[in-house]
Amino acid sequence: MYEILFTLTLIFVLAAVLLLVAAQKGLPVIPFYLFAGILAGAFVDETALLDLAQWGIAFLVFLFGIHVDLEGVRSQGRIGVAVGTIQATLVGAIGVGAGLAFGLGRLDAVYFGVAAALSSSLVATSYLDETGPFRPTHERLAESIHFTEDVLGVLVVLSLSAFVYAATPAPEQFAVAGGILALALGIRHLLFHRLTARLRGDSEVMMLVGVSFVIGFIALAEAAGLSIVVGAFAAGIAVADDYPHSLELVDTVDDLEDFFTPIFFVTVGALLTMPGLEAIGYTVALVAAVLVLNPLIVAFVLIRGGFDGRTAVLTGLTLDQVSAFTLFIAIDALAAGTIAEPLFDAIVLSAAITMLVATYTTRHAGEINRWLRARGFVSLLGDPVDDRTRVSDDLEAHVILLDYQHGGQSVLEACAELDRPVLVVEDNPVVFEEIRGECDEYVYGDISSERVWEQARLEEAAVVVSLTPERDRAETVLDLDTDVPRIVRVNETDAADAFLERGASGVIYPDAIAAERVGDDLDALLAGESSLEEFRARGRSQFEDPSS
Amino acid sequence: MSLGGIALATDFALLIVAATILSYVARLLNQPTIVAYVLTGVVVGPIGLGIVAEDQLIEIVAELGLGFLLFLLGIEMRFEDIREIVRPVGAIAVGQAVLQAIASTAVALVLGFTLFQSLMIALATTFGATPIIVKVLGDKDDLKTLYGKVDVGILIFQDIYLVMALAILAVGTVDGVSEIAVSIGRVFFLMGVIGVVAYLASRYFLPALLRASAANKGTLFTVGIAWAFLFIFAAESLELSVEIGAFLAGLALAQLPYSTELKERMRPATNFFIAVFFASIALQMEVDQLLAYWWQAIVAAVLLIVINFFIVFGLFYSQRFDVETSFLGTVSMLQVSEFSLVLGALAVDQGFIEEGILGFLSLMALITMPISTYYVLYNRRIFRYVRPCLERLEREDTLEAQPVEYENHAVIVGYSRLTGELADVLRASVDEVVFVEDRAEYVDELAEADDGFIFGNARHGDVRQEANVSGADVVVSAAERVDVNRRLVEDAPEAVSVVAARTEDDAALLADSGADYVVVGRGLVGAELLALLETLDDPQVFDRRIEELNDRARDGVPRRTDSASRDGETDV
């Protein structure tokens with residue numbers, strides 16, 4: 001007991017200290033856990049932790065399974081699925097080839113390829129889900145690509161257990177895994193709600209039900225000789241993430257996960273031995289592949305697929321890190337004794353390094369994009385600002401509208417009502433199709449490209465309205481060299497001041513606008529000047545008829 | 001090294017699944033989960049099916065569960081909550097501890113236990129069962145009533161008593177009076193040292209530490225766990241009980257504003273681990289150990305329920321509570337507590353008592369807990385039935401204590417420009433505005449303001465309860481999550497509710513769930529832009545309108561007077 005208490009105390013104290021540092025600097029936590037493990041590895045016997053660490057994997061994958069939104073992927077993720085598959089296959093193949101060229105064994109070369117190919121959503125989601133459903137194109141694309149690669153991760157785990165860890169190759173395991181997933185879907189749709197309805201929101205028992213789902217499906221998976229990753233994923237599929245389960249079950253399991261996740265990542269770090277020259281060599285190769293090759297290929301494929309340069313580059317920059325699934329695979333392989341020690345070290349090291357770098361590149365994605373553009377990089381890939389533009393030659397005194405999906409609909413209606421010509425600039429091919437149907441004047445392309453503004457006849461325009469909550473985009477609009485008034489959206493008071501100083505004619509601060517309107521309505525209600533019915537009607541008018 | 005597989009046929013996994021099934025059944029029967037957990041050990045352990053034996057993982061998790069439980073007890077020790085009734089509650093708690101100990105010892109002696117065994121039984125059976133009282137009263141919405149408050153207050157005092165009992169057990173078996181004295185002295189001295197460290201930390205170190213950790217979702221939790229582990233480890237190293245270490249660690253956090261959120265974040269892990277602890281109790285027991293004193297357990301259970309009723313009722317009554325409060329408050333306390341099992345299990349570990357006594361305590365718990373659940377559930381009905389007998393005890397001049405909680409108030413979830421201005425509007429018509437916010441950057445601001453402030457995320461039931469959402473006049477929420485907003489609206493059907501939504505679909509959903517007013521930022525922006533573009537042909541009007549918009553964005557005049565300092569983000 002003393003030993004394990006010492007180990008856990010050391011893990012959590014180290015993790016807490018490093019987390020505080022990470023929180024101060026706004027950095028992701030997982031690389032810090034890995035570093036904590038490397039530090040702690042000198043003092044503790046990590047094998048004692050493997051049992052607890054496995055629960056970390058189980059909960060991580062379980063929650064990933066819960067959050068899988070099949071509908072969402074079907075409706076708008078097709079491009080992401082294609083891009084993710086192309087990128088992972090391509091880089092995976094290159095990685096395996098490079099691994100063989102390094103003189104690695106066949107299996108080690110496969111691990112090497114997997115590590116180079118897959119990107120992590122478990123880390124990326126922490127900063128991707130910040131702004132809700134109205135996210136810029138590149139974030140939505142990134143999300144579906146990450147999702148695709150996580151599913152690929154599950155498939156890789158499955159293939160490894162079918163062909164490598166099984167005594168004899170057992171392709172029928174894919175059918176078994178399919179059966180388990182089908183069972184999970186059946187439970188989700190037929191049993192889950194009946195089972196939980198009778199608990200009447202008791203979150204303690206709900207949590208146990210969730211944990212038992214994990215155990216049950218993992219038991220099934222293990223009985224079939226499959227990895228626990230497959231079982232935990234199926235368990236997640238079996239749990240419906242709707243109201244009120246999202247509060248009572250998912251959140252509590254989420255809190256539980258917070259206990260086991262650090263143990264997992266710290267243990268992985270602790271398993272690292274002193275890296276030798278060989279390990280460092282692999283690390284450099286992996287880091288290079290993940291940081292350069294992955295974003296490059298994604299950006300290239302996206303541009304070829306009709307996206308503008310900015311979206312392509314920004315999406316590519318979210319894919320420059322080693323996946324958490326790679327770590328699961330590596331630890332499985334280490335346990336099975338099928339991975340070369342230096343390669344394992346290299347994978348852990350490159351995961352820590354790339355996760356940190358990824359935070360930097362995501363945060364400075366806008367600047368990196370402009371830097372690349374200034375050096376002609378984007379046009380090298382073939383930036384397609386082309387014929388998908390329709391602007392009348394005599395267009396003038398028009399409103400240039402950016403970011404249609406952030407409330408642009410109502411601007412269009414307003415302009416139609418006022419007989420004011422309006423031109424939409426858009427960089428999302430999916431939204432663009434919709435715009436084509438609704439507007440007369442449009443330009444497809446990247447707003448950081450000067451040609452787009454020429455095509456939009458900026459100098460003839462009456463006003464530019466930018467509705468994006470992205471600061472970097474708003475700044476691009478403000479830095480345009482023109483006298484045309486520009487109105488941009490802000491989300492905080494400080495930004496309002498900064499933008500007005502930077503050249504904005506006006507700022508739209510939705511929260512402040514809402515405060516005035518709702519404040520007046522509430523004031524009237526509380527003062528007895530309007531009835532509750534009138535108050536409700538005022539509220540309803542906002543979303544039932546957006547143009548009111 | 002091997003990954004042994006976490007599921008198939010491992011004892012730990014089987015134990016969890018069995019506990020899930022039994023607690024599911026318990027929930028259907030309105031029984032507290034604790035009964036299900038204890039039964040789990042009986043069913044799957046050597047007494048029942050014999051399919052689970054205690055392995056290393058179970059042992060570790062059970063030990064952690066106990067540590068975390070005491071940590072949470074420490075965090076919940078907020079004397080502020082019972083300040084107004086601390087005197088009568090203290091008197092009842094102390095009187096109950098002394099009188100019940102005497103009664104239990106006597107009963108145990110009569111039943112043929114040795115004096116030492118009787119004293120240990122007395123030490124273990126003096127508590128009320130928190131999981132039953134808090135759970136059942138919570139479900140009945142009776143925690144806010146006077147008797148509920150008093151019961152919870154007594155439970156808080158009993159926690160102190162529990163810690164003392166743990167300290168005594170920590171001394172271990174020693175021979176000779178002088179050695180006992182030295183050992184007890186050592187234990188209390190070391191406890192005092194840890195206590196002083198905890199106190200100093202809570203004054204000078206923890207506020208800044210937690211302030212820094214509250215900035216990030218996972219950090220507060222990890223820092224809290226690390227803090228608990230430091231104390232647990234220190235206690236273990238000093239050969240003190242780890243539970244005491246954990247309790248003091250929690251106590252140091254209790255008075256800080258972050259305690260509610262931290263407690264709620266730790267609760268799932270604690271529930272999970274403590275289930276393993278209670279389930280593991282019966283794993284070490286053979287059937288003859290559980291049933292060694294079976295008839296004594298039944299007799300003692302009946303006798304103690306009756307005797308304790310008179311003791312506690314008398315104490316309540318002597319503190320000038322009215323008859324109804326005294327009766328209801330007393331009935332809730334009549335059962336053997338989960339702490340009996342905690343102390344019993346530790347006493348067995350330390351070699352104070354043999355397994356048979358633990359079996360006796362387990363049986364008493366298994367008998368009294370399920371029964372008491374029903375009489376706590378139907379306490380008012382029982383009171384109506386016995387009222388005629390108690391009528392002559394009625395008197396004037398009984399104690400009236402106002403429960404400390406928010407009333408005639410507005411709850412505002414999430415601090416933003418919008419909610420800040422709405423608070424200005426609301427202050428005129430409600431007694432108090434209570435902010436619920438879990439972003440660290442606003443802590444100082446909100447804590448210094450005159451409004452009420454709870455640091456926490458509204459997704460936790462306890463946070464909503466602390467803010468008394470269900471009793472609020474107005475509920476305003478700028479929470480990002482639709483499910484949280486929906487729960488808030490459903491919690492407060494009577495209140496005027498104003499909630500924010502991101503999309504029209506979410507807004508319609510919230511309105512259907514009962515929200516009176518849904519704020520959709522997009523729609524309002526559209527309307528504002530329409531008004532602005534209308535003026536585009538008249539540059540002067542256009543400029544003026546833009547100027548108005550900009551002024552609004554910059555500060556909230558006229559509703560704000562001190563907006564510059566109160567808005568925006570303070571750099572963390």
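Cβ atoms here come from the backbone N, Cα and C positions, even for glycine.
Of the given residue ranges A:25-45, A:109-129, A:319-339, A:508-528, TrEMBL assigns the label transmembrane segment to A:109-129. Feature annotation (TrEMBL): of A:150-168, A:397-415, the stretch labelled transmembrane segment is A:150-168. Checking the ranges A:174-192, A:345-363 against TrEMBL, the transmembrane segment annotation falls on A:174-192.
The transmembrane segment (A:47-67) makes contact with the transmembrane segment (A:259-277), as judged by at least three Cβ pairs under 8 Å among residues 6 or more apart in sequence.
Taking Cβ pairs closer than 8 Å, the transmembrane segment (A:213-239) reaches residues 54, 57-68, 153-154, 157-158, 160-161, 166, 170, 173, 176-177, 180-181, 183-185, 187-188, 192, 245, 249-250, 325, 328, 332 in its own chain, all 6 or more past its ends. When Cβ distances are compared across the two stretches, the transmembrane segment (A:284-307) makes contact with the transmembrane segment (A:79-103), since 3 or more pairs at least 6 residues apart fall below 8 angstroms. Per DSSP, the secondary structure of the domain 'RCK N-terminal' (A:405-510) breaks down as 51 helix, 20 strand, 35 coil.
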